[in-house]
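Before any comments, here is the structure.
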Number of protein chains: 4
Amino acid sequence: MQRLDRTMSDVKKVVLAYSGGLDTSVILKWLQDTYQCEVVTFTADLGQGEELEPARQKALKFGIKPENIFIDDLREEFVRDFVFPMFRGNTVYEGEYLLGTSIARPLIAKRQIEIARESGADAVSHGATGKGNDQVRFELGYYALMPNVKVIAPWREWDLLSREKLLAYAEKAGIPIEMKHKQGGSPYSMDANLLHISFEGRHLENPSAEAEEDMWRWTVSPEVAPDAAQYVDLEFEKGDLVAIDGVRMKAHELLAKLNELGGKHGIGRLDLVENRYVGMKSRGCYETPGGTILLKAHRAIESITLDREVAHLKDDLMPRYASLIYTGYWWSPERRALQALIDTTQQTVNGWVRVKLYKGNVIVVARDSKTDSLFDPTIATFEDDQGAYNQKDANGFIRLNALRMRIAANAKSKRG
Amino acid sequence: MQRLDRTMSDVKKVVLAYSGGLDTSVILKWLQDTYQCEVVTFTADLGQGEELEPARQKALKFGIKPENIFIDDLREEFVRDFVFPMFRGNTVYEGEYLLGTSIARPLIAKRQIEIARESGADAVSHGATGKGNDQVRFELGYYALMPNVKVIAPWREWDLLSREKLLAYAEKAGIPIEMKHKQGGSPYSMDANLLHISFEGRHLENPSAEAEEDMWRWTVSPEVAPDAAQYVDLEFEKGDLVAIDGVRMKAHELLAKLNELGGKHGIGRLDLVENRYVGMKSRGCYETPGGTILLKAHRAIESITLDREVAHLKDDLMPRYASLIYTGYWWSPERRALQALIDTTQQTVNGWVRVKLYKGNVIVVARDSKTDSLFDPTIATFEDDQGAYNQKDANGFIRLNALRMRIAANAKSKRG
Amino acid sequence: MQRLDRTMSDVKKVVLAYSGGLDTSVILKWLQDTYQCEVVTFTADLGQGEELEPARQKALKFGIKPENIFIDDLREEFVRDFVFPMFRGNTVYEGEYLLGTSIARPLIAKRQIEIARESGADAVSHGATGKGNDQVRFELGYYALMPNVKVIAPWREWDLLSREKLLAYAEKAGIPIEMKHKQGGSPYSMDANLLHISFEGRHLENPSAEAEEDMWRWTVSPEVAPDAAQYVDLEFEKGDLVAIDGVRMKAHELLAKLNELGGKHGIGRLDLVENRYVGMKSRGCYETPGGTILLKAHRAIESITLDREVAHLKDDLMPRYASLIYTGYWWSPERRALQALIDTTQQTVNGWVRVKLYKGNVIVVARDSKTDSLFDPTIATFEDDQGAYNQKDANGFIRLNALRMRIAANAKSKRG
Amino acid sequence: MQRLDRTMSDVKKVVLAYSGGLDTSVILKWLQDTYQCEVVTFTADLGQGEELEPARQKALKFGIKPENIFIDDLREEFVRDFVFPMFRGNTVYEGEYLLGTSIARPLIAKRQIEIARESGADAVSHGATGKGNDQVRFELGYYALMPNVKVIAPWREWDLLSREKLLAYAEKAGIPIEMKHKQGGSPYSMDANLLHISFEGRHLENPSAEAEEDMWRWTVSPEVAPDAAQYVDLEFEKGDLVAIDGVRMKAHELLAKLNELGGKHGIGRLDLVENRYVGMKSRGCYETPGGTILLKAHRAIESITLDREVAHLKDDLMPRYASLIYTGYWWSPERRALQALIDTTQQTVNGWVRVKLYKGNVIVVARDSKTDSLFDPTIATFEDDQGAYNQKDANGFIRLNALRMRIAANAKSKRG
């Protein structure tokens, strides 16, 4: 096996995950300065709601060659191949978090490595800090897909660890700094894509203080959401959402529509303290309007189409699957093995669910499946079932399930 | 070992779980008629919100001896020894159901067996049908605690399977029938205690139809809940709620207070299709106002006081623990073993949580623990941490976590 | 949904799992007597090592029509589609039992239902008692594959529960009884197929007494096994054994060869107390010569070809998968979902293993995979690895893995 | 929170886990040279079978003050508080490895930290390399028990990475080098304690080559073991071994006795490829004579004294518990939580087991418990059970367990 590592001087061309923002612009310049290497910029549209063309202009200003600027619309792939497979598992980290950031990182890593191969780059770089989960998610992806790639994580290398130093470096490099960055302390650390927007840092570093109302961006407050509830019908095929109120759309269009609905009704805000993979607790706030609706609805369609034991098997494995995604192991063989199990179970998850959206609430009110319902009213009924179910069967069922406990209790009492 | 079973003629005295309602009154009479045995009635106050003294009067009318009438207030024991231990596990069945009925049955079974021992009875009886989970929950409890007890489950023995036959039997036996029972079809099948009230049957047998608004009893609709949010502080010790807004109360008083708060704000309604232990799917609606608040708050206090891996271990085991409670295995050795694990973890779960209640929403806005917080702001901060955390450590962390995937990818690529 | 049950008088034609032995011959006659129905006999060759043609002659004597006599050689299907998939999971029940009987029942049930469909039968029957696991395994298979089939389990219906009554019935019916059955108490309850032979009952009902040496049939005692060890090479493809000492054979031929080798060297005896699904403990003895070798070898080939986390995931799920097979849920959707996971992992399980067989021991001495080895000597070496692995990476790896415990210990000590 | 790290110059006194062998002697000198600090040596008797007094003499020669030399007999504590608790879990890593090295490390770490506190040291050091698991096991223990301790891992710091450089350093420092070290390549990397002796490196680095017979130290080859089998009775209380053949002994004496018995009969050799925590596969050979007997016997006593579902719960969690020990998390809160569960289950694990030892085989032949047996012969019997078990109960048991699959099959067939 060849050597797994390279030294700094080896780097010839690096693909940078580049947002066009201040931080990654400083990184771009720092890479040029420090590694004296060619930089390829990669900017992805994951539905974060920002213009991407300015990133191209900025890159050109840094002297990046036009053929080294990659701007890709990954929205459909993101929702279809990452978000939806994850939701098949009813996936939630630590009981609450819908993994909006976690699920985007593997796609960025994958595309970044593809670009490295296309452009003959030997290194990749990202703007995640050394304290968070994202560095892990990016780099586990890089290494799994291109094992000998050189990874440059500037935040772990440079000495620009304070906001002041970073701004000074930017100024010196002629990188334009927006007013908001210059004033009043650090901004929130945010991440956005079609699934969610997240907030960390700043006032949130005190978990005993309530988040400020003006932090939230994608959802209105439940208090100001409409006074009238809205009913929405969601249709599923093989566990994936395929239509809203009868209108079939592409995966990312469906999620965008759900975001619009959820945001309007104040749905999907979350404020929690989570456990990062690197070992610390961290307070984060999330807005996941569409995902919050989707999770509820997916559980509901499974409730009538999935066998009990299959559903329980999924529930037992879900926290493990969620942790794999949270900690960055999307491209691992164990995540794939679990996905094989999950996907197998979704063949019968077909049908529709009706939800009522109202001031922060997603209320499931109805569900049905013409093709795969396992709900049998003739058996479940409280009325006379005409013999469909023989109640006497329960005698033996209970007695044999109790037998081991009866034997134990008898043995104990016999011995006194 | 002695024989595990007895025949009908053996029954001398039977302890009946007696609510005083129509169904268990018919059962009382049927037991006297069919088994020609002495009947002991047991009526428990679990916070269901009904007068219990009428049950005594009814029992006397059936000729039950005064010393054979047991009416017990079990509210404190119920919440302290059953509900709270269950909530230490963040226990939810099938992702949604808070197990309000399931958790009450083991206590009823336990007390019923105690009464059987006290009164020298050799049999016990209950009013649960042969289709549901409650028969299993009662009887697994009976058998575990008194292995040779004779169990009489009238619904599995008699031929009064239609509503009409039951009413006819009642009429003939002189059991007063309320107007509502005589008119307009079957009522909902309901169960209530301090944790929840449940509804099954009737219109709910069609899971594709929305539940009727006038079915709900403990909660107002979110639409008519107050327009102003209410903040509430919950204090925990060893994982259990001990005070609300600074006022310490007994376990059942705390839950009653939470119910009042939740009910007022339209919190805790649930409409779902669940999988019964006997093998069928069933649609149920639940109101769990206090429990819904408690679950959210318990997770929140754990989020700052529980080690990550301990929290994940609990999450991994929770569905199994929930299933044990749902299916009636509270008194089993495996439930006790899991409880030992759960309780061990709760020693550090001390602190407070602030929730905001608003129109169906329970929003966690703050949490802290003076004694056991594991949240370390000097490490988590996005600001300069003065070296508390060495970002370079992440290099090795990621590289060794990636190593197996790199070796695999290299091996694969070398072989082509 | 149609009614799930039928009454006795409905039965027109029943397919009986018929071994040709005393018990199932009595059952055959009893079915004819009791149900007055046409009987179809089904006799399967699963490698139990008995002639099957005598079963045909016996069936004809009972007046079974020739077209109603089915004798099938299922050996290849048994090993290929049931035994091998199970071994992909390293499947062991309760730490010891290799599931030799459990894995044969689903195939018998499946074929029996196929024959029921082919011959227009409306019922099936088997000779398993009401105390054991086999009745469950058969019947869960029947119901899963033909949900409205009538199941007749004579041992649960008739009154021939003592050995004497059974023999009397046989005598009266003119069924020939071998000398061994007439003399000296009950025989062992045995079951044999290509994977194992099992023994229960008789002297074994006392678990504190050693099994008698002359009970064992397929293996010599280690004491009398050859004094010279024998080396055997086993080759695997996608997790399945494909060749022994370089000779490719069909699945059942491979297992037969392993049985021969194992039996000769005293390998695969097992004496244990197991927990039956119906709630009691039972003592059983098993001979699984080939399976014991196969399990060891399969783990060994996985040890160099399977990713660590995939292997651990399999290990975590194995007891659950084993229990599903033990309790008869082969045809359940949850077993299929787990199988999908297991099979996914076996794509890379290719290579060979060398075992040394000696007086009861199966000793793995070598293993390799030209195509899929993940063992990298350049990294694992204790010698100078030329930088293939950077030992300094372990600093950060350990420090971040320890971080949560350090924070907790610091928090604790700070509070005193 | 105080800063978690210190720089090299901070080190004043370091406690070294010192065996007295070549490697740790070089480390001792290197610590003195490099850190210019006071060294405290700690040498533990864990039953590795070596004289410890020579370590004292060597330490004195290096100028270690007498009060800084700690030599402790930890054998009883090791077996009682570490080995036995682990065996309560039937703990095996990756299906085979009995964790002999893993389980000793937490005790060494704990004692080392105690000595650090006693002697006012601010640092600890060990001789484990940067590639293995032991560094992790030591250091996770250090950090968990003394979160701000400075850890010095010389193998990850120095440049003595080849055998030659190490020997050169030793020679220059006047450390006596045994002949065997000077000649013919590296020795095996070995570790020994009362539970096992392990071998890695050298010829073993090729997993497709058989280990050499003269490597093994504690066990004879099965081929040369006695021709006569030996029966041994083992008595358990609360899951722990307390007597052998009727003789009660202390924990470590019992294990020593089992080692003697096992070693004599060629029991407990193991040759495998395992997955290290740091990400690589490694081939190791192990001799665990006593532990191999103990594991078999413990499972056997559990087989008659443990409830089925408790046993299965333990089996499901065992691989996770084993991984925690393997990877060094003995002092973690999640290991403690699992231990609480395991220990709870062992209250009834009382009784005796008879094993037959013969040429590598440990054969369980009998087991009983006067106080806690759950084996009920009146129920399990194949003879007439006088009604102890009602076979008809199995009808309902099977029918309700099958119900969900019948409903599914009916639904499917109805839809075509």
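The backbone N, Cα and C atoms fix where each Cβ goes, glycine too.
Per TrEMBL, the features are:
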DOMAIN    C:13-176  domain 'Arginosuccinate synthase-like N-terminal'
BINDING   C:A17, C:Y18, C:S19, C:G20, C:G21, C:L22, C:D23, C:T24, C:S25, C:A44, C:G127  ATP binding site
BINDING   C:Y97, C:S102, C:N133, C:R137, C:S189, C:S198, C:E274, C:Y286  L-citrulline binding site
BINDING   C:T129, C:N133, C:D134  L-aspartate binding site
DOMAIN    C:188-407  domain 'Arginosuccinate synthase C-terminal'
DSSP three-state assignment for C:S25 (ATP binding site): helix
Cβ neighbour count within 10 Å of C:S198 (L-citrulline binding site): 20
Site with most surrounding Cβ atoms, counting all protein chains shown within 10 Å, from the binding-site residues C:Y97, C:Y286: C:Y286
Neighbour count (Cβ, 10 Å) for C:N133 (L-citrulline binding site): 20
DSSP state at C:Y97 (L-citrulline binding site), helix/strand/coil: strand
Entry from the binding-site residues list C:G21, C:G127 having the most other CB atoms no farther than 10 A: C:G127
Binding-site residues near chain D, Cβ-Cβ under 8 Å, from C:A17, C:S102, C:T129, C:Y286: C:T129
Greatest C-beta neighbour count within 10 angstroms, which of the binding-site residues C:S19, C:S25, C:S189: C:S25
Among C:S19, C:D23, C:G127, C:T129, which are recorded as binding-site residues, the nearest neighbour of C:E274 (L-citrulline binding site) by Cα: C:T129
Cβ-centroid neighbours of L-aspartate site C:T129, C:N133, C:D134, 8 Å, sequence order: C:A128, C:K131, C:G132, C:Q135, C:V136, C:R137, C:R276
10 Å Cα neighbourhood of C:G127 (ATP binding site): matching binding-site residues from C:Y97, C:N133, C:D134, C:S189, C:S198: C:D134
Neighbouring C-beta atoms (10 Å sphere around the C-beta of C:D23 (ATP binding site)): 18
Residues satisfying Cβ distance under 8 Å from C:T129 (L-aspartate binding site), sequence separation of at least 6: C:Q135, C:W155, C:R156
Residues C:A17, C:Y18, C:S19, C:G20, C:G21, C:L22, C:D23, C:T24, C:S25, C:A44, C:G127 [recorded ATP binders]: greatest CA to CA distance in Å: 16
Spatial separation of C:S25 (ATP binding site) from C:S102 (L-citrulline binding site) - C-alpha basis, Å: 23
Cα distance (Å, whole number) from C:S189 (L-citrulline binding site) to C:S25 (ATP binding site): 16
Maximum Cα-Cα separation (Å), residues C:Y97, C:S102, C:N133, C:R137, C:S189, C:S198, C:E274, C:Y286 listed as binding L-citrulline: 19
C:E274 (L-citrulline binding site), number of other Cβ atoms within 10 Å: 21
